[in-house]
Amino acid sequence: MTSPLSRRSFLGLTGAAGLTAALTACGGGTRIGADSPPAASAAPSFAGGEYTGPKVTLDYWNGFTGGDGPHMRAMLEAFNKEYSGRIEVRNVTRRWEDLYPAMPTAISAGKGPDVAVIHNDWIGTFAARRTLIPLDDVVGALRLGESDFIPAVWNAGVYDGRRYSVPLDVHSLGDYWNRAHLEKAGLKAAPADRAGYQDALAALKDAGIENPFWMPSKWPAHLMFMSLLWQFGGELYSEDGTRALWGSDRGAQALAWMVEQIDKGFSPAKVAQDSQYAAFKNDKVSFTWDGIWQINDLKANAPSLKWDLAPVPNIGGTAAVWASSHNFVLTAQAGKDPAKVQAAKFFIDHMSRRSTEWARAGMIPARNSVRRDPAVAGLPQIGLAADVNAFHFLPALPGVGDVQSKALELAVAKAVLKEASPADALKEGVATADKLLAENKRKYGG
Amino acid sequence: MSVLTRKERPPGADVPDGPPAGAARRMRPWTPYAFLAPYLALFAVFMVLPIGFGFWTSLHEWDVNLPRKPFVGVENYTDLFDPGSVDGSRFWTAMRATGIFTVASVPLLIVLPLLTALLMNGRFRGRNVYRAVYFTPYVLGVAVVGFVWRFLLDGNIGLVNHYLGLDVQWTTDVPPAWVALVGVTVWWTLGLNSVIFLAGLQDIPRELHEAAMVDGASARHRFRAVTLPGLRPVMVFVVNSTILASANMFGQSYLITGGAPADQTKTAIYLIAETGLRQFDMGTASAMSFVLAAFLMAASALVFGAFRERDRT
């Protein structure tokens, strides 16, 4: 269970990284990094090609604790074998929610990673904290650009005019469905629109599935809410990152649809954390929305379950789904040693070329060319990427994770647990979010 | 219990009469301080300094990873007392949760262990087995306890509801979540207080009970006139340490409810850990700790006051 727990919680535990003293009202108008030394300005630039420097050891941190872990380890073993005697990559895998809070502290102590994988929504926070070193030269050497990637993923790697990451993959929410249940209700596949979904749920109930679609109050409830918000045409935050927009009528419609599932009896009330996924694995639930990283977990740990994966249905009228992306970054710790910078950039370049292999870990490769590769195109998750415009990402605002966990996630939980109406929960949440955004603005500048 | 006075000493014992004059002469004014020094050094290094450093932190906007830690005076504290601030409202919700848990759990954690200890103090077959049974859960770590109970108590797929035929959301609804958290804590830690009470009971001289019996006191009278007063020093310790332990509850709500529903079972320590260690906001976290500490010191003072030995005139 490590994987699902950790994956599901990584956003939930957002508070984690750079989130900071954001809350403390401070008279001084401090700005993060104001006194920091410029990070690795003297680092050599990268021209591509083989690494030729002295032998170095790179510490590499990532959160691939689940079904994706073995694939990452296999890729590392191959790398270490190929470049033995020149570069040695030491792997440290920790759960995402432990990795993010530990990383900045460990890096400033010189005991952190030289190179790491982080989610796209953390890039702004870490870059603002000067935890990362720009990678413009790497993508220059790789001749990569927006047209090679899903644009939103590519653009999330830029902070303050400089590029801090090389995207590895995209992962989104998907609609897992129980084949046996649907057959019982006379259905062949998961419906893709609002009316079809409601009819299917009613049919499943008639067919004897008491609660076909459990509505979680915690992870991934906020991912469901964000997906629905975008579907109804809403937005998360204003462009300049000063206002939360998810309390709009569209947000209320999205949240109301989630609560409606409980009112109509499709979901039991007050579902505890991870219960809906555990129930799906135990053949009790017909539909559950969860991340594509569960594919390998279901294959390994629920071998007798007959399931399938479909894109999240279009409830609000516009196709949209929450997505995130794993990104390679180079840290300020590596920046202290020019040889390490070169070796790390070489490593990132090498790994980013291996995304076909990485797709077998259950992820959707971020590179357009790889997604079209016949070896990858047949994998179950690739179907979700048929319309990449449906992918919506959390903006890489510095400190956004803090706002999400203290305001948005809490509002969703309150509404789903029936502690407040969707509109009231969102109104209260937005008031908190706006205060936090103002604090972040002051703290990180901008 | 009796101590031999000098007059009762057997004649053979070779004890010089009079005070040990040499020892008193050799006593230097700094001798007591020399004895205290090792402890004082440890106390200063591991208590006074960290507390002072914590207080210093609470006066700053202290982000662990940033070189700049600007001084903000008491702003972290005033923020906590400002109901309109994000930290303030979160903090008092957490303090309320801590209060609810403490008030609900402490009486149970005093009365039940005392009853258990009274039973254990009797003579019956297999007494040691029963003592062990009650103490066993205490040796489990909070991670084990939390993980196991979280799944047992799950409202929709948990075994507790399944076997009892209930439909109670133990981990996502209040008050059931409080019942669950208090229940698990009592089950888990009952053994420790029982063992302490048991030791206290065994320290009460038998003669007192016998004398009371001769005077015709009933079992209930003996409990009130002999057992309870005899347990007083133990009771002060148990009440105080139980209040502190309950007010510092963190693991159970972190693991079993995750603070749900919404943040209603997120305790003060939970929030402090989250603020300081996950959000790196050490200044606010330290200020929260000091406010919590002030409350706990007041609670301890009340307990000591309540148990103060009344003057027997």
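From the backbone N, Cα and C atoms, a Cβ is placed for every residue, glycine too.
Annotated compositional bias 'Basic and acidic residues' per TrEMBL: B:1-11, in sequence order.
The compositional bias 'Low complexity' annotation in TrEMBL covers B:12-21.
Annotated domain 'ABC transmembrane type-1' per TrEMBL: B:95-303, in sequence order.
The annotation region 'Disordered' is assigned in TrEMBL to B:1-21.
Proximity of distant same-chain residues to the transmembrane segment (B:33-56), defined by a Cβ-Cβ separation under 8 Å and at least 6 residues beyond the stretch ends, is recorded for 286, 289-290. Taken from TrEMBL, the feature transmembrane segment covers B:33-56 (among others).
Annotation source TrEMBL lists transmembrane segment at B:99-120 (among others).
According to TrEMBL, the transmembrane segment annotation covers B:132-152 (among others).
Residues annotated as transmembrane segment in TrEMBL: B:177-201 (among others). Long-range contacts of the transmembrane segment (B:177-201) within its own chain (CB-CB distance under 8 A, at least 6 residues past either end) are made by residues 100-101, 104-105, 108-110, 112-114, 116-118, 120-121, 131, 134-138, 140, 142, 145, 149, 153, 169-171, 227, 230-231, 233-235, 237-238, 242, 245-246, 249, 252-253, 256-257, 260-261, 264-265.
Tertiary neighbourhood of the transmembrane segment (B:230-251): same-chain residues 98, 101-102, 105-106, 109-110, 113-114, 142-143, 145-146, 181, 185, 189, 193, 196-197, 199-201, 203-204, 208, 267-270, 273, 292, 295-296, 299-300, 303-304, 307, 309, selected by CB-CB distance under 8 Å and a gap of 6+ residues from either end. Annotated transmembrane segment per TrEMBL: B:230-251 (among others), in sequence order.
Counting residues 6+ beyond its ends, the transmembrane segment (B:287-307) has Cβ neighbours under 8 Å at 54-55, 58, 76-77, 79-80, 87, 91, 95, 98, 232, 235-236, 239-240, 243-244, 247, 268-269, 271-272, 275 in the same chain. For B:287-307 (among others), the entry in TrEMBL reads transmembrane segment.
Here the transmembrane segment (B:132-152) has Cβ contacts under 8 Å with residues 116, 120, 158-160, 171, 180, 184, 187-192, 194-195, 251-252, 254-256 of the same chain, all six or more residues outside its ends.
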